[in-house]
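Colleague: Please see the structure below; I have some questions.
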Amino acid sequence: MNKKTIAMLGAGSWGTAVAIHLAKIGHKTLLWSHNPQHVALMAEQHSNPAYLPGIPFPENLIPSDDLIECVQLADYVIIAVPSHAFAEIINKIPKPTQGLAWLTKGVDPASHQLLSQLVASRFGVDFPIAVISGPSFAKEVARFLPTALTLASNNTNYQKKMHQLFHHDNIRVYLSDDLIGVQLCGAVKNILAIACGISDGLGYGANAKAALITRGLAEMTRLGLSMGARQDTFLGLAGVGDLVLTCTDDQSRNRRFGLLLGREVPIPEAEHQIGQVVEGKHNAAQICAIANKNKVEMPICEQINALLHGIVHAQQAVNNLMSRPAKEE
């Protein structure tokens, strides 16, 4: 593939890591942040000390705070902002020429819509889109360690171009057309990672964590099937792959947040200690609302949502789950 200009909108750890990957394989990459001071610091230090310290930028990775210019200069636009900022970004930018891809995992907090629905409302239902998801920690991608991702799209030509853009010796990209399933996996797994963190914070051990992952996967799958997703998506990289990674490794900020809650650290202090957006906290209420609308039981997600809203404490949430009526698996 000829080398392209990429606009990466969002300079958190994940957006920065993917920007570094794209720049390392030869694409000119514009890394946008809304904060001019953050941009100046990245330009001065040729790295992102706030979110991905210790990993230098390639020369062709250029920080910027000019959102419109980044989009206008780019051959391809990728969004990597938190889910609560996604709608604001797509409403500000001009329509990208090729299509729009995103790394964001979550749903819109205001409308409870999938991010693909927001984009369809803004740019049209036939506008090419792609969602990139899967088991991937930022530092490992930035360090060129082997990673496999799922790329779901509504347009085969655009999907092929995005595949060529990302695919390299260190990143293997699998293709999907299940936009609903891939997006739901990315949103729900963060809530389940909080649950696993809480369980470990309470000292409950490996058995409890395995049960949460397994029953959490069942919840995720039920919700997806009710919305038209395919079951095999939940058994793939975007589903069980990302779920296991996020629930078991302390690089996951959602899991670390749960660990703190399990150790009785107050929610505001836990968020402060994490220092970055905890998507599972922001998306728990939205996922529960979507589940209620679709008449799907998601008891683990419901207990995490209740805990986050101060209705139950960690031990009580566990007791509520363990005392549920017996049922077939």
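Note that Cβ sites are derived from N, Cα and C of the backbone, with glycine treated the same way.
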Colleague: Of the residues Lys189, Lys295, Lys327, only one is listed by Swiss-Prot in the sn-glycerol 3-phosphate site with Lys105, Gly134, Ser136, Asp242, Ser252, Arg253, Asn254. Which is it?
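Modeller: The one candidate that Swiss-Prot places in that sn-glycerol 3-phosphate site: Lys189.
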Colleague: Going by Swiss-Prot, Ser13, Trp14, His34, Lys105, Arg253, Val277, Glu279 bind NADPH; tell me which of Ala74, Ala138, Ala218 is listed for that site too.
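Modeller: Candidate in the recorded NADPH site: Ala138.
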Colleague: List only the single closest residue to Lys189 (sn-glycerol 3-phosphate binding site), chosen from the binding-site residues Trp14, Lys105, Ala138 by CA-CA distance.
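Modeller: Nearest in space to Lys189 (sn-glycerol 3-phosphate binding site), counting only the binding-site residues, is Lys105.
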Colleague: Let me know how many other Cβ atoms fall within 10 Å of the Cβ of Asp242 (sn-glycerol 3-phosphate binding site).
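Modeller: A count of 26.
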Colleague: Going by a 10 angstroms cut-off between Cβ atoms, which of the binding-site residues Ala138, Val277 has the sparsest surroundings?
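Modeller: Looking at the binding-site residues Ala138, Val277, the Cβ with the fewest others within 10 Å is that of Val277.
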